[in-house]
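Per Swiss-Prot, the features are:
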type	residues	note
ACT_SITE	37	active site, proton acceptor
ACT_SITE	269	active site, proton acceptor
BINDING	137, 317	substrate binding site
MOD_RES	37	N6-(pyridoxal phosphate)lysine
């Protein structure tokens, strides 16, 4: 049994709360396609997906086929969409497990069509046409959609189940960001209209990510794709205070050692922290190998006994040191909240940690190592 005190607590009650918030933010009749890629943003895909399925989520989205297979193997029966498409040789498994995939090339279409024909399971390959409306990543360029759809008709073993796109700057609420999101929405709507003009009847139309859901400035969709908002974090600081979401993840550890140091004493690699007065230093067994960013050196904060303590010196692979001089009553064995809500009321949010680390909340949550840090599920 792993007795290391550095663990992640996942609050399923907070997940349920956030799911309910999202349901209230989308238009009536709009379903939810929960994004559970990257191990549910580090929260653990199995428990999170099982909980969301109980809540009535309409479908799940993952990044690649192996993640979709994991969902099916864990007993998830709701529709699953591979956002990043599949690779050559994966067609038969995709169809056999009744998983849908993004499609953005005729070569993919031909391979899927042939696989569906060969396995003779009397099931078409379900595809969602990915349209590049301005992200510049995956997808059929929006101006090529009419020609692509016309050529797609030659493949009789494919079912165009959905059509979707992805916003590039929906999390930026400045005039330029808003204008580009609206331009993407116009391009997407035109692609959907073209599909219908050519006789396609996609069951699912989706483009709204967490940022678009929060902004509530949506083109017509009958499916929305909440991701980070389900886990209680915000797409960007532009949405701060707009929605009472609850952090689902708490990264915690314990004080392993306390040591008084004299003025002039340096702490950790590179001597980047030097005590200017007598200080009490706590060593805590968490480090960058656990996903606690090294860039939090001399910047990060933690909560002990409801009081804040600053990281003292360079974040190590397995350890950080905290200046706990002003933490009243601190003792070896005390709980340390490194990320998420503390039982005494304060919170180290993913947004706060990301700002100090020079990154984004997504990277903070996804970066907490699953192989080193146990997940404990509550609620």
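Note that Cβ sites are derived from N, Cα and C of the backbone, with glycine treated the same way.
Recorded features from Swiss-Prot, shown on the structure.
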{"residue": "37", "record": "active site, proton acceptor", "DSSP class": "helix"}
{"residue": "137", "record": "substrate binding site", "DSSP class": "coil"}
{"residue": "269", "record": "active site, proton acceptor", "DSSP class": "helix"}
{"residue": "317", "record": "substrate binding site", "DSSP class": "coil"}
Distant-in-sequence Cβ neighbours of residue 317 (substrate binding site), under 8 Å, six or more positions away: 287, 288, 289
Sparsest-packed among the recorded positions, when each Cβ's other Cβ atoms within 10 Å are tallied, from 37, 137: 137
Alpha-carbon distance [residue 137 (substrate binding site); residue 37 (active site, proton acceptor)] in Å: 17
Rounded Cα-Cα span from residue 269 (active site, proton acceptor) to residue 137 (substrate binding site), Å: 40
Cβ contacts of residue 269 (active site, proton acceptor) (under 8 Å, same chain, 6 or more positions away): 313, 314, 316
